[in-house]
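Colleague: Pulled these features from Swiss-Prot for this protein:
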type	residues	note
BINDING	Trp156, Asn157, Lys180, Pro181, Ala182, Ser183, Gly234, Ser235, Leu259, Glu386	NADP(+) binding site
SITE	Asn157	site 'Transition state stabilizer'
BINDING	Lys180, Gly234, Ser235, Thr236, Pro237, Val238, Gly239, Gln339, Glu386	NAD(+) binding site
ACT_SITE	Glu258	active site, proton acceptor
ACT_SITE	Cys292	active site, nucleophile
Amino acid sequence: MTATFAGIDATKHLIGGQWVEGNSDRISTNINPYDDSVIAESKQASIADVDAAYEAAKKAQAEWAATPAAERSAIIYRAAELLEEHREEIVEWLIKESGSTRSKANLEITLAGNITKESASFPGRVHGRISPSNTPGKENRVYRVAKGVVGVISPWNFPLNLSIRSVAPALAVGNAVVIKPASDTPVTGGVIPARIFEEAGVPAGVISTVAGAGSEIGDHFVTHAVPKLISFTGSTPVGRRVGELAINGGPMKTVALELGGNAPFVVLADADIDAAAQAAAVGAFLHQGQICMSINRVIVDAAVHDEFLEKFVEAVKNIPTGDPSAEGTLVGPVINDSQLSGLKEKIELAKKEGATVQVEGPIEGRLVHPHVFSDVTSDMEIAREEIFGPLISVLKADDEAHAAELANASDFGLSAAVWSKDIDRAAQFALQIDSGMVHINDLTVNDEPHVMFGGSKNSGLGRFNGDWAIEEFTTDRWIGIKRS
């Protein structure tokens, strides 16, 4: 069984400018997580395929980096246009391969287009500097140049956007790229980004994609001698492994790690309770809660706790859940049976540890209806760990200081939100939260292509978007010139 995207066989891998079958003995079966139908079957990539992709990238990179900035900009901008031109086809792929709802799929394409347009400006924004020397007659030039070849490992939750978030800036500043998409989303995370940039005019070899089992090619993809940077988005345990391999598994290379989250959504005593309750319902359950920035914990000042909980529960009970292809659905299926099993265990453990069930929807196949737990304490697993599903906990804070303490009671620090009618008060509170990103009177799920994105603690290393992406995907080189 085969499937296509933009006129090419979507079961193939783009390696060195050619769409080819993988050379692994393993066959990948691409499953629709909602109805369990088989989308396609394909031969996975092998270690030899990884070698071929990296060697093609190494061979093509220097010429690509030497391509005039205006030409690179035009190609990257054309990729953004192609994302829009192929929007409907991509939406259908995101729905059937990743379980995205129609609204989430459209949002994802918009986000991918935005970072691609932003990246189109990067070739003209890469600047070096000339520094004075303490030696007479000497000049110090610091050039900012492309890393070389970048390996991109992308996840299954926002596969298109979280591939392109690394691919577009990396290409724009002169790198070549090899993508290893998640096994659940080889098309939306690998084939589609590769095809879009190929169609836009990126030369052969500058972008490749190899979809294969992590157990077969994962370590080799990271430890290979060619890439100078591995950009990984995924879970914290796997991210730790990637970091260790990048340092200890072969020639040392840098890493950009965007990992897990456990986002707190803090409702202070003077918050707009109606607005906060509605926002929390969306921020917790968008894409089934399978977003690193999803609200995991709602922390509410005791003075407004009961009022908020009542309105939040009411909002959650009205969330449309079901077929992701239907207009208006907010919660669709979780990605696979492993995720489903983990969520079932978390639900039972929350009950066992003493949480009160406020909302407990049914579980139908991989469709997990929203669950809300109250009377949660910070030592319970549902509050400590990233959930990555449609489960949310509500914690009561004694006061503002206690709310800050609860917000920081996590090993993660990716995104957070605080709600208050007093903006200055909220801003001061935000500075107390050890998180890479904090949003006031807004969702924890936020991304703008020109604004820094990244976390603290166990949520990762490195920064994406705008000037921060330029720095991430380039390196400095000092050329000292002694004239006399």
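Backbone N, Cα and C define each Cβ position, glycine as well.
Help me see these features in their spatial surroundings.
Modeller: Cβ neighbours of Leu259 (NADP(+) binding site) (same chain, under 8 Å, six or more residues apart in sequence): Thr233, Gly234, Ser235, Thr236, Gly239, Cys292, Phe412, Leu414, Gly455, Asn458, Ser459, Gly460. Secondary structure from DSSP puts Leu259 (NADP(+) binding site) in coil.
According to DSSP, Asn157 (site 'Transition state stabilizer') is assigned to coil rather than to any helix or strand.
Around Ser235 (NAD(+) binding site), taking its Cβ as the centre, 15 other Cβ atoms fall within 10 Å, counting all chains.
DSSP gives Cys292 (active site, nucleophile) a coil state; it is part of no helix or strand.
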Colleague: Show me the subset of Asn157, Pro237, Glu258, Glu386 whose Cα is within 10 Å of Ala182 (NADP(+) binding site); these are the recorded positions I mean.
Modeller: Asn157
Colleague: Quick one: what's DSSP say for Gly239 (NAD(+) binding site), helix, strand or coil?
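Modeller: It is helical.
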Colleague: Gly234 (NADP(+) binding site) has how many other Cβ neighbours within 10 Å of its own Cβ?
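Modeller: 23, counting other Cβ atoms within 10 Å of Gly234 (NADP(+) binding site).
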Colleague: Based on Cα distances to Trp156 (NADP(+) binding site), point out the closest of the recorded positions Pro237, Glu258, Glu386.
Modeller: Glu258
Colleague: For each of Ala182, Cys292, count the other CB atoms within 10 A of its CB; which of these recorded positions has the top count?
Modeller: Cys292
Colleague: Whose Cβ, among the binding-site residues Pro237, Gly239, has more other Cβ atoms within 10 Å than any of the rest?
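Modeller: Checking each of Pro237, Gly239, the winner is Gly239.
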